Each structure stands twice: as structure tokens, then as C-alpha cells.
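What TrEMBL says about this protein:
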{"type": "DOMAIN", "residues": "20-411", "note": "domain 'Major facilitator superfamily (MFS) profile'"}
{"type": "TRANSMEM", "residues": "28-54", "note": "transmembrane segment"}
{"type": "TRANSMEM", "residues": "60-85", "note": "transmembrane segment"}
{"type": "TRANSMEM", "residues": "92-111", "note": "transmembrane segment"}
{"type": "TRANSMEM", "residues": "117-139", "note": "transmembrane segment"}
{"type": "TRANSMEM", "residues": "151-176", "note": "transmembrane segment"}
{"type": "TRANSMEM", "residues": "182-203", "note": "transmembrane segment"}
{"type": "TRANSMEM", "residues": "234-258", "note": "transmembrane segment"}
{"type": "TRANSMEM", "residues": "270-290", "note": "transmembrane segment"}
{"type": "TRANSMEM", "residues": "302-331", "note": "transmembrane segment"}
{"type": "TRANSMEM", "residues": "389-407", "note": "transmembrane segment"}
């Protein structure tokens, strides 16, 4: 009986997550973002295949450099992108960045030098850095407070699902059309997303910009966004927990393939399944958390998510493949629980005319955490094979302890 009740509750929660799509403006935004995310999956599969054409021994170096350039673009430009989202039409930012990304992606099939990949990837992600904070700043403007968490949860879940399904679909299309021609399909996806954005009413995407507002000072406003991000104790704690999530998540993304193939002596198929389990866990948490966790403490959600992540990776070196599938499912759950609250907290605690710059600062810092976490994961994997996840878990627990110690007046923020 209890199982039946729990099953119905879960189904109702999932159904409730999709109710927000009745909002026409949000549904246009959501489908534009989903198509764009699918295009991103095509981009990276295409880049992986393209890098292989420059030489098998160079492919890993090319991809690693491209990923580093991607994160670097986010860190440098995201704070200023958020400032721009508060100062000019967000609709213009959204569709212009899509059309420019379409043009950049359409250049990739003609690349014949390694440096050209780096230039195009960096340019592409500059405009990604302008799109994402603007998109996040728009969501609280177009959905009411009661549905805001469902909207964020649905967006996060879709991101995770497409992270699992997108590369597979891109791989199939690459077989049919070829490694280079997949970029043309990618470019078309950006055009479709841009058309959906053009259908949005610009006035609904942000409140009117005050005429008497001070002259545009990008650096001053970017600093203000960072200050607002760290000033609020709730958001600051969530951001610290995201660092824990990045340390653990980087271990998963960087060292899983080595553990599967060298540690467990399995093949690519097994790696695919274990990463799919991670994506499924993250998707479930994102769908359900947006509907169920309306009144309970976000702080508790953050702590549980970080703890689950740290525990799962700590014991991974000592279990077999079947149990690893279960662990990675729970790791995905933990990842979503640690990353979702920041976005909703910004929407609920920052003034509407300041949200763009704060979303931009958050986007930059969350990627800065990953820029720190990737080398740590690489060091663990190369220097401590067989114990890389264990040491990564120890670091995660250590950072979680620091985050809790730095959260003063815990009783006052236990119920967010």
C-alpha cells in the first residue's frame, strides 16, 4: 500500500513538473534551450571526431585544450554577459547569440588546421557565455513564484537527459552524414532555436530598464554582481557546496573511463551504461526536486546531495561493476541536489533588476570551480590509479566540512 502511494506521489511530481509548459512564453524558451542543448551535443561529438582526423595521438590533447578554452571563455565573459542582460533587451541577446553561434558552427566543417579549432571553440563559447546567464535571468520573469522551481527543475532535468541521449543521437547522425557534415545539422538546430526566440514578446522577458539609471559601467556592475552573489548567506553556502559538487563531478567525468577500462577491464559499452546511470539519476532528482521540495530546507538538500556524492565516489574503487551502476545513479541524484538550489535562490533572493549580473557571476564562478576541479581529477587519476575516487571523496568531505564551518548562524538559515 505504501509503495503504491509513493509511486503515485512520484508520478504526480513528474506530471507537475510539466505543468509549467502551459505557460506559452516559458514553453518557447524551454524548447529553444532544449534544441540549443541538443546542438551543443552535436558540436562536441563532431569535435571529437574532427580531432581524431588530425591524428589519433593528438585527439585527447585537442579535446582537452578545447574544453579548457570553453571554461576559460565562461569565466571571463559570463559576469559581463549578466550585466548586459540587465542593461539591454534580453530577447536581442538571446537570438543574436544563437545566430552568431550558428555561423561559427557552420565554419567548423571547413577547418584544416588545429589552431582553427581552438579559435572557433573559444568564439563559440564566448557567445554561449552571453546566452546562458540571460536565459536563466529570464525564467523568473516569465513564470510565477509558485512554478519557478518546477521551471528550473524541468530545465535541469532536460539538460541531464540530453547529456545522455544527445551524444548517442549525434553519433548516429555522424555515421549517416559524416563527421564534418554533422556541423551543418548543428547549425540548423541553432536557427530553429533562434526562430522560437523571435516569437517571444520582448516586454515580458524583463522589467523596463529605468531611464535614469547610471551610465553603463561594465566592470563596476560585474563587481557588483560578484558582491551580491557572495553577500547573501544562502546563495554563498550553495555556491560553496557547488565547489564540492565540482570536485566530485570532475572525478566522475575524468576518471570513470580509466576505472572501467583499466581498473575493471571492461569495454566502451560498460562505460556508456555507467554514465547513462549517472545521467538518469541526475534527471530523476531534477524532475522530482522541483515539485516536491517547495517548503523543506534547501540547505538540507544541498548537504544531502554533497554527502551522497562524496560517499559514492569514496567507495567506488572497492566495488564491482553492478554496484558501480547503482553508485553512479545515486551520484547523479547528488549532483542535481547540489546544483539546482543556487539558481532558484538567486531568483528568489535577488532584486529583479539585479538578477542578470548575479546569474552571470554565478555562471562564471561555477565554471571556475570546474576549472580547478579538472586538474585535481587528472592528477588523482594519473598519480593514484586504483585510489583516485577514494582520494577525491576525501577532498570532497574536507570541502564540505569547510563549507559547513563557514556557514555562520546556521539556525537562522536552516529553513530557506
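Yeah, the Cβs are placed from backbone N, Cα and C, and that goes for glycine too.
Since the structure is predicted, the reported quantities are computational estimates derived from the model, not experimental observations.
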Review point. Any chance the transmembrane segment (60-85) and the transmembrane segment (117-139) have 3 or more Cβ pairs under 8 A, given the pairs are 6 or more apart in sequence?
Key: yes
Study note, to complete from the structure: Counting Cβ pairs closer than 8 Å to the transmembrane segment (302-331), the top stretch among 28-54, 92-111, 117-139, 234-258, 270-290 is 234-258
Check your understanding: Can you find at least 3 Cβ pairs under 8 Å between the transmembrane segment (182-203) and the transmembrane segment (92-111), where each pair is 6 or more residues apart in sequence?
Key -> yes
Point to revise | Mean predicted confidence [pLDDT] for the domain 'Major facilitator superfamily (MFS) profile' (20-411) | key: 82
